[in-house]
């Protein structure tokens, strides 16, 4: 596949980064519960701390990701990718050294701070890198391949966590994070700012903020140095077309629902079905394998036939379905069935990113991807404010009705709003107009 040949080192970097970052996922619930509430299956403190971390991380990413994306337009993708690659080492190193209450709090603080840089920036910068290297006609498939490789890293890390003890899992994750930073520094090549993948007409290579009447010609290999975007510039960008506006709404509500599921699902499963580390790993393994297969195989096949907008609607419908199925799970095997919906719901992000990428020129990719990531981060800030107390209440004995998965159903309704917005997006708006 041509995308793999063009993006080989980036894909290896993405695989290693996700392998290191996601390896602690299956064990972090048990580590948190063991440090804060040993011997218990329900712990409101752990739920609230997880929600607080998600809110702070989202707020930091909201502020930093558009700035980092814009700086990558000026100084290069590789130079800025070194930031998340290096920062992710510190919290994993702490967790590898110890998991008692003191070490857990040290991990919690450093993870919260470094995730403000790592969580959104790696995806934003990598997608801008893909947009620089791959022409528009093959960009949606390339985004699918990239996210599929990230899912493959998630699968590999989950398999490792499934069979390794907790202490070894954390140590392997820390070593993998170091290897990721070394590989990125040694092998990843800087891009040319999109000059090689662009048709290189004047309109396409002109930054979005410069009026079309400007007579200034810009070299595609030397983008203008501009300061970091202000909030007014970001707002102007998102309101410059109905495609941007509706993509922002879809991103926000899908992120709200997705973050709500992420924040509550594992605690819901532990409280209702007494899931352990191995059962978490099995569930995450199904999600990862299905999502990886979907992005690497299904998306490249369906995008040419259906287009990004129709595929986005199908993916959001599946996302609603598996959220509602989680919420009414009546047996321990139902979450595994719900996880199979990921084969379609995992395509939401690459579809949105591809739609937005085609609306701007090569020198705006970093800022635009950063803005979309920032909107997703806004959802990550708001989501725990809603779902953390709701989940703690639903899992407590004080709730007046027995529906422990009510917060997951609310996450499904948030995704339903995103689905309605995507349906209202006219197909013609998705395509970038031809330029003469």
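Note that the numbers count up from 1, one per residue, in the order the chain is shown.
Just so you know, glycine gets a Cβ as well, placed from its N, Cα and C.
Please treat TrEMBL annotations as automatic predictions, because they have not gone through curation.
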Problem - Range among 220-239, 240-259, 260-279, 280-299 that TrEMBL annotates as transmembrane segment - result: 280-299
Completion exercise
transmembrane segment per TrEMBL, picked from 346-365, 406-425, is residues 406-425
Problem - the transmembrane segment (280-299) touching the transmembrane segment (104-130) per 3+ Cβ pairs under 8 Å rule - result: no
Practice task
Please work out whether the transmembrane segment (280-299) lies in contact with the transmembrane segment (142-164), by counting C-beta pairs under 8 angstroms that are 6 or more apart in sequence and asking whether there are at least 3.
Solution key: yes
Completion exercise
Highest Cβ pair tally under 8 Å against the transmembrane segment (7-25), stretches 142-164, 368-386, 406-425, lands on 142-164
Problem - Cβ-Cβ under 8 Å with the transmembrane segment (406-425): same-chain residues at least 6 beyond its ends - result: 242-243, 246-247, 249-254, 256-258, 260-261, 264-265, 268, 309, 312-313, 316-317, 319-320, 323-324, 326-328, 386-387, 390-391, 394
